[in-house]
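Have a look at the structure below before the remarks.
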Amino acid sequence: MIDLFNSMERNGIAADCRVFNILIDAYAKHGMTDEAMLIFTEMREKGVGPDAFTYSTVIAALSRMGRLTDAMGKFSQMIAMGVQPDTTVYHSLIQGCCIHGDLVKAKELVCEMMNKGIPRPSIVFFNSVINSLCKEGRIMDAHDIFDLVIDIGERPDAITFSSLIDGYCLVGNMDKALKVLDVMESVGVEPNVITYNTLVNGYCRNGRIDDSLTLFREMPRKRIKPDTVSYCIIMNGLFRAGRTVAARKMFHEMTENGITVR
């Protein structure tokens, strides 16, 4: 692609904003942020004004790399040039701040969005950030994002709580995982089968099979029907604990309840 770009220049064909955008976007999508920034600089040096797409692309790329100072610099430049940031730009910056630990700036950006009448990030957006942090084992960072969600007046849903529970299970802190479940129920968010499967699996992974069985038996009392995943988690835990007879009984119970393994 860069060869085609150079060929255009050799033949006296001036690249416009669309051409530069294609190059910048291609480099950004391949994680080549420095190369994207060189094209961005060249674009401005040749008198081609970046548009909303250009700024959105470079800000997103810089934010993903944790280069928040550079990203905020381009954000300020964008506004100074009279290019109005949209939801995508704010989301990129907020996500970058959340992932890389600058929650104060993340909150400032959310407030700025609201003051400008731009819809703030939804709980779906924050759930994605929380889940990513939990999968990386960064449970304290994930909990900080959860606190930010509450702080800005957004309402956590079952996915938010389930992600946090999974995060605590992954680091072996089952007591904290149960506390999150208690908070979940206390604020009126009903746990679902995914929530319970996460907890049951957490207990099994941490060698607490009896606790996992207690939770499993609690599900029907909470009007939550165990599914195939629920039974497979329990059976796997029982087999790993050497309780093969109990595992077989669980299999028969599953089939009697009309649940089949696909």
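Glycine is treated like the rest: Cβ placed from N, Cα and C.
TrEMBL annotations:
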REPEAT    16-50  repeat 'PPR'
REPEAT    51-85  repeat 'PPR'
REPEAT    86-120  repeat 'PPR'
REPEAT    122-156  repeat 'PPR'
REPEAT    157-191  repeat 'PPR'
REPEAT    192-226  repeat 'PPR'
REPEAT    227-261  repeat 'PPR'
### Secondary structure content, the repeat 'PPR' (51-85) (per DSSP, counts of residues)
26 helix, 0 strand, 9 coil
### Query
Within the repeat 'PPR' (86-120), how many residues are helix, strand or coil going by DSSP?
26 helix, 0 strand, 9 coil
## Note on the structure
For the repeat 'PPR' (192-226), the DSSP helix/strand/coil residue counts are 26 helix, 0 strand, 9 coil
### Message
Within the repeat 'PPR' (227-261), what mean pLDDT does the predicted structure show?
### Response
92
### Beyond the flanks of the repeat 'PPR' (122-156) by 6 or more, those residues with Cβ under 8 Å of it
91, 94-95, 98-99, 101, 103, 106-107, 110-111, 163-164, 166-168, 170-171, 173, 187, 189
### Query
Using DSSP, how many residues of the repeat 'PPR' (157-191) fall into helix, strand and coil, respectively?
26 helix, 0 strand, 9 coil
### Message
When secondary structure is assigned with DSSP, how many helix, strand and coil residues does the repeat 'PPR' (16-50) contain?
### Response
26 helix, 0 strand, 9 coil
### Query
Using DSSP, how many residues in the repeat 'PPR' (227-261) fall into helix, strand and coil?
26 helix, 0 strand, 9 coil
